[in-house]
Amino acid sequence: MAGKGYIVRIIGPVVDVKFDEKELPDIYNALEVTNPQNGEKLILEVEQLIGDNTVRAVALDSTDGLTRGLEVVDTGKPIVAPVGKGVLGRILNVVGKPIDEKGDIQAEDYWPIHRPAPKITEQKTEIEVLETGIKVIDLLAPFPKGGKIGFFGGAGVGKTVLVMELIRNIAIEQKGFSVFAGVGERTREGNDLWLEMQEAGVLENTVLVFGQMNEPPGARFRVGLTALTIAEYFRDVEGRDVLLFIDNIFRFVQAGSEVSALLGRMPSAVGYQPTLATDMGELQERITSTQKGSITSVQAIYVPADDITDPAPATTFSHLDASVVLSRKIAELGIYPAVDPLDSTSKILDPAVIGWEHYQVARGVQEVLQRYKDLQDIIAILGMEELTEEDKLIVQRARKIQRFLSQPFFVAERFTGANGKYVPISETVKGFKEILEGKHDSLPEQAFFMVGTIDEAVQKAERLKGSAA
C-alpha cells in the first residue's frame, strides 16, 4: 500500500510533506501530487528527512498552483526512466515523459535513475581508441572508448557545434547509438539540435533528454542521471558501445548548488554545495566500459569567466581521460574547431596505445607550435627579419599546422557553404607528418585552411596557383 501524506510547506521548488509515522518514504523516492491548476501529476524527489514525520522534497517541474494540504502519494521507488529501442529518435524530459508530441513511448522496461556504478570486476581494462574523424582531436587528444572527455571553453567558442559534429560522425560513420543530455542549456539550442539531427538523418540512432534553463533546479540536477540510465541499458542489456553527451556539466553542478541552498545546507568554496565531489562522483563513476559494452562520455564544460580553477571545472577535471580546451584566441583567428593544440591532452597519448608514429607526429606538432608561441614576442617587437633561418622555417610550418588543424564540419555546412570532411586517423597522421618533414614547405599557408586530408591541401594549392595566374 503506497504511503500518503499532505503538503505542509512550499518554498519555490522545495516542498515539505508530512506522512504518518509508519509510511515515511525513503530518500530519493519519487512522490506524486496532482496540480489542481492544470490537472497534471507533478513528481517530487525526497531529499531530506527533517523530523516530525516530515520529508523535504524537490519538485521536478513548476510548483505554481500547489497549495498546503494537497494529498501526496509515495510511489515507493525512485524516479524511473523508459529504456530500450522504443526511446530512440525521441525527446524526453527528466521523468521520461515525451516532449516531442509524437505520442507515448513504447519502452522495453523502466529503470530507476539512481543505480550503483558497475563493480570493478565487471569493468573492462583494455584501452581502445575511438576514431572521431576530427583531425585535431584524433591527433592530439585521442578519445579512449569508454572514457570521459571534457570540452572546456567559455561562451560562444563552439562547444555545442563540436558535440553535434561528433554525434553525426558516430551515428553515420560508425552506426553507434548516442544519448544527448541537455542540462540547463538554452531551449533554442535544443530545438536547433533536434531539427539539425532530423536533417542529417541521425535522429533514429539518438535519444535526447532535456532539462533546460527555464526548468526548476531539481529537473536540471537529475536529467543527467536519466540520460545515463538510458545509455546504461544499451550498454548492459544490448551490449552496445554508446556515446553519452552532456551539455553542459557545469549546469549540473550549478543546479546542485541551487538545490543545496534551497535545502538549507551550508555552502562551501565559491558558494558551491558541500557535496560537490560526491554529486559529481555519483554521475561520473557510472560512465565506464564493462565486459558487455561501453559508454563513452563527452561533456561540454562551461568555464565561468574563463577561470579554469573554479571548483566546478576543477572537480570535473579529476574524472576526465581527455580534455579538449577550446580557445577564444584561436576562434578569433577564424580557425574552427577552435581547439587549443597545446592545452588539450589525453591520457592515451601514449606510444603503447596509439603507436610510435602517431605519438612522435603529435609531439612534433606540439613542439613546433610551442616554439612558434615562444617566438611570437620576438616577432611582435623585432619582426620576422630578425629570426634565424631555422626559426623562420619553424614559424612557416607552425602557421601551416595551425591552419591544417581547422576542418569543415558537416553540421556547419549551411553556415559555411563548405562540405564537411571526415578524416581517418591514418590520413591525419600522414598529413601532419608530411608538414613536419617539410614536404609541403613550398605551398602557401592558405592552402591548408579548412580542408580534410593533405591531398586536398595540395589540390587547393594548385587551384590557388591557377587563379593567381
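Including glycine, each Cβ sits where the backbone N, Cα and C put it.
Listed in Swiss-Prot:
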type    : residues                                                       : note
BINDING : Gly153, Gly154, Ala155, Gly156, Val157, Gly158, Lys159, Thr160 : ATP binding site
**Item:** Any further residue of that chain within 8 Å (Cβ to the Cβ centroid of Gly153, Gly154, Ala155, Gly156, Val157, Gly158, Lys159, Thr160) of the recorded ATP site
**Value:** Tyr302, Leu326, Ala331
**Prompt:** If you count Cβ atoms within 10 Å of each one, which of the binding-site residues Gly153, Gly154, Gly158 comes out on top?
**Reply:** Gly153
**Most crowded position, judged by CB atoms within 10 A, among Ala155, Gly156, Lys159, Thr160 as binding-site residues** = Lys159
**Asked** Which of the three DSSP-derived classes (helix, strand, coil) applies to Gly158 (ATP binding site)?
**Response** coil
**Asked** Which residues does Val157 (ATP binding site) neighbour through Cβ under 8 Å, counting only same-chain ones at least six apart?
**Response** Leu326, Ser327, Arg328, Ala331, Ala338
